[in-house]
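Undergrad: Encoded as structure tokens, here's the structure I'll be asking about.
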Amino acid sequence: HHRMFLEPQEEKRDLKALMVKRAKEICSCTPAKVKDCVFSLFPILQWLPKYKLKECLLGDLMSGVIVGVLLVPQSIAYSLLAGQEPIYGLYTSFFAGIIYSIFGTSHHISVGIFGALCLMVGQVVDREVQRAGYDLEATVSAHTDTVTQVNTTIVPLNQTSQILLCDKTCYAIKVGATMTFIAGVYQVAMGFFQVGFVSVYLSDSLLSGFVTGASFTILTSQAKYLLGLDIPRSSGVGSVITTWINIFRNIHKTNICDLITSFLCFLVLIPTKELNERFKSRLKAPIPIELAVVVAATLASHLGKLRETYGSSIAGEIPTGFLPPRPPEWNLIPNVALDAIPIAIIGFAITVSLSEMFAKKHGYTVRANQEMYAIGFCNIIPSFFHCFTTSAALAKTLVKESTGCRTQISGIVTSLLILIVLLVIAPLFYSLQKCVLAVITIVNLRGALRKFKDLPKMWHLSRVDTIIWIVTMASSALISTEIGLLVGVCFSMLCVIFRTQKPEAPLLGWVAESETYESLSAYKNLQTKPGVMVFRFEAPLYYINKECFKSTLYKQTGVNPAQVKAAKKKAAKRMLRHKEMGSGGNQTGISLELVSEPLGFHTIVIDCCAVQFLDTAGIRTLKEVCKDYKEIDVQVLLAQCNPSVRSSLIRGEFFKEGEDHLLFHSVHQAVDFA
């Protein structure tokens with residue numbers, strides 16, 4: 001048989017020349033390059049001049065107004081979740097919409113307040129506010145132990161200067177804005193160093209599980225407002241469980257008026273939202289039920305004097321207009337720098353995955369790196385204007401898309417609508433009960449909690465993904481949001497490793513009248529060549545699965561060379577003993593037969609087409625296997641090694657000099673050779 005011989009390419013070893021060439025490309029500065037750079041940083045310069053008024057304007061206006069109407073009550077509600085005053089939620093939505101329109105490449109996503117991120121910001125804000133010695137009046141009224149009272153006198157002494165300048169709400173937004181600034185810096189740095197690959201480790205099932213887990217925490221943090229309870233917000237590990245324990249301990253203090261209001265709001269909101277979804281195709285725009293509920297509840301609360309009569313907690317003063325910009329609090333940075341990492345990563349992972357999803361659906365492309373810049377600037381710039389963290393939000397993006405959004409103009413329309421509310425209407429929400437805001441937040445979690453319905457379908461599709469979803473969801477709900485995210489990432493990486501630890505490793509048979517070899521366990525009517533076993537290992541061969549490789553090979557071929565050798569030695573010893581004792585010849589004959597019992601094959605061909613790489617342990621394992629089989633007169637041939645495996649074998653001196661023709665390019669060749 002004539003053998004195929006492939007000549008390898010010369011390796012490109014001239015690193016220096018390559019580096020110089022790259023450096024020249026990067027450092028050259030031509031007018032065209034500058035123009036490209038500016039255009040890619042500000043995509044608005046590309047799409048705005050080409051804007052088609054007739055086709056797009058109506059859809060953009062419609063969707064912008066509708067999302068704005070949705071966003072006003074949500075911004076007020078979610079600022080409660082982030083531990084801030086309602087006005088700051090409106091600021092945040094206003095700035096995010098405008099800045100994303102300038103920097104973003106996705107036409108459809110709505111960037112604004114996102115529940116899970118608000119929750120994470122809120123947890124840090126609470127921690128820092130307590131650390132600074134605010135919030136103690138509340139604790140004194142809650143627990144009247146002498147210890148707390150002693151503490152109140154001690155703690156604020158060194159904080160007096162701060163307290164005079166800045167009350168609790170003002171300190172809270174300082175913490176929120178500083179954190180937002182750091183998260184934005186992280187995101188822009190990720191974009192600059194092209195570290196978009198970090199989001200690759202956050203699979204869809206992981207993100208979905210994380211959002212669902214965070215929804216439980218959001219629901220828990222809002223439950224006290226539904227009942228009108230005043231309990232301190234617990235943070236840290238297991239906060240969900242401690243919060244529920246606190247709620248049930250204080251359930252006798254429930255404010256009946258708040259409870260009834262919450263119940264009525266649920267009765268109106270949930271059915272209407274369901275109708276909105278059921279008749280999505282027939283309705284030109286969804287019914288702006290949240291706004292209607294907020295207006296009605298504000299009027300009811302104002303006219304019925306609910307705060308004065310029943311002591312309901314209300315939104316309170318909402319100032320109009322803008323506050324002068326203020327830089328982040330630099331000395332807070334060390335306290336929140338670590339907390340900003342998960343916020344930055346989640347924010348940009350959700351933004352990138354959503355923008356890619358809608359781009360695919362509508363047939364245009366988005367640049368992941370530019371999306372990172374966009375979301376980074378949506379955090380950096382607003383942090384000077386008393387805002388907190390934003391990212392793309394799925395629910396509002398879906399509304400925006402279904403109401404006819406065509407371009408980023410829609411985001412600008414939304415921002416302008418919020419601006420009107422900021423400047424004119426905001427103070428009218430003075431008497432709005434907090435429980436109404438909590439209801440709005442909770443009703444918006446429907447989508448994330450509905451994922452439980454899809455579990456059977458997901459399980460049918462991929463069990464590993466479902467388990468990752470459940471683990472991430474449970475850990476972010478029960479432990480804490482940040483730890484949940486970390487657990488999810490680590491667990492999904494472990495899943496990948498476990499999959500290569502025990503891979504499939506079938507024996508192969510030959511498809512008649514062809515040169516194809518396939519798994520004997522998967523297909524019928526395959527033929528085998530006498531004396532030759534073909535074995536395929538379907539994973540990279542490295543330190544984790546080297547033992548598995550050996551044991552499966554021995555199991556599939558039915559021959560463990562070490563045992564065969566031991567049996568031979570034993571038999572040889574027995575023969576010697578028999579000779580010395582001079583016993584009958586027939587016994588010697590039998591034991592000789594035992595030893596020379598044929599193995600049934602003389603060659604093993606290992607098909608390496610699925611082995612991506614070898615490490616030192618892998619090379620050593622292959623050497624050992626070859627050596628062990630050689631000692632019992634079985635030769636081992638390797639077929640279909642990819643170039644990286646070939647070079648590993650040659651560097652690891654797997655062959656004697658000039659023997660590398662024993663690496664075959666196809667299983668068929670190797671079998672013929674055998």
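For all residues, glycine too, the Cβ spot is worked out from N, Cα and C.
Under the heading domain 'STAS', TrEMBL lists 522-674. If you look up TrEMBL, you'll see 57-78, 98-121, 181-201, 332-352, 373-395, 415-445, 466-494 marked as transmembrane segment.
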Undergrad: May I ask whether the transmembrane segment (373-395) has at least three C-beta pairs under 8 Å with the transmembrane segment (181-201), counting pairs 6 or more apart in sequence?
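TA: Contact criterion met.
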Undergrad: Please indicate, using numbers and ranges, the residues of the same chain that are 6 or more beyond the transmembrane segment (332-352) and have a C-beta under 8 Å from a C-beta there.
TA: 109, 111, 114, 116-117, 120-121, 124, 128, 131, 174-175, 178-179, 182-184, 186-187, 190, 196, 198-199, 202, 207, 210-211, 368, 371-372, 374-376, 379, 389-392, 394, 481-482, 485-486
Undergrad: At a C-beta cut-off of under 8 Å, are there same-chain residues at least 6 beyond the transmembrane segment (98-121) that contact it? List them, or none.
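TA: For the transmembrane segment (98-121), the sequence-distant neighbours (Cβ-Cβ under 8 Å, at least 6 residues beyond its ends) are 41-44, 67, 71, 74-75, 78-79, 81-83, 89, 92, 176, 179-180, 210-211, 214-215, 217-218, 221, 339, 342-343, 346-347, 350-351, 354-355, 358-359, 362, 364-367, 370-371, 373-375, 377-378, 381-382, 388-393, 396-397, 399-401, 405-409, 411-412, 414-415, 441, 444-445, 448, 481-482.
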Undergrad: By Cβ distance under 8 Å, which residues at least 6 away from the ends of the transmembrane segment (466-494) in the same chain are close to it?
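TA: Distant contacts of the transmembrane segment (466-494): 116, 119-120, 123, 201-203, 205-206, 208-210, 212-214, 216-217, 235-241, 339, 342, 345-346, 451, 455, 458-459.
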Undergrad: For the transmembrane segment (373-395), what are the same-chain contacts with Cβ under 8 Å, counting residues 6+ beyond its ends?
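TA: For the transmembrane segment (373-395), the far contacts come to 41, 79, 82, 84, 88, 91-93, 95-96, 99-100, 103-106, 109-115, 117-118, 120-121, 173, 176-181, 183-191, 322-323, 325-328, 343-344, 346-348, 350-351, 354-355, 444, 447.
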Undergrad: Limited to the domain 'STAS' (522-674), I'd like the whole-number average of pLDDT.
TA: 83
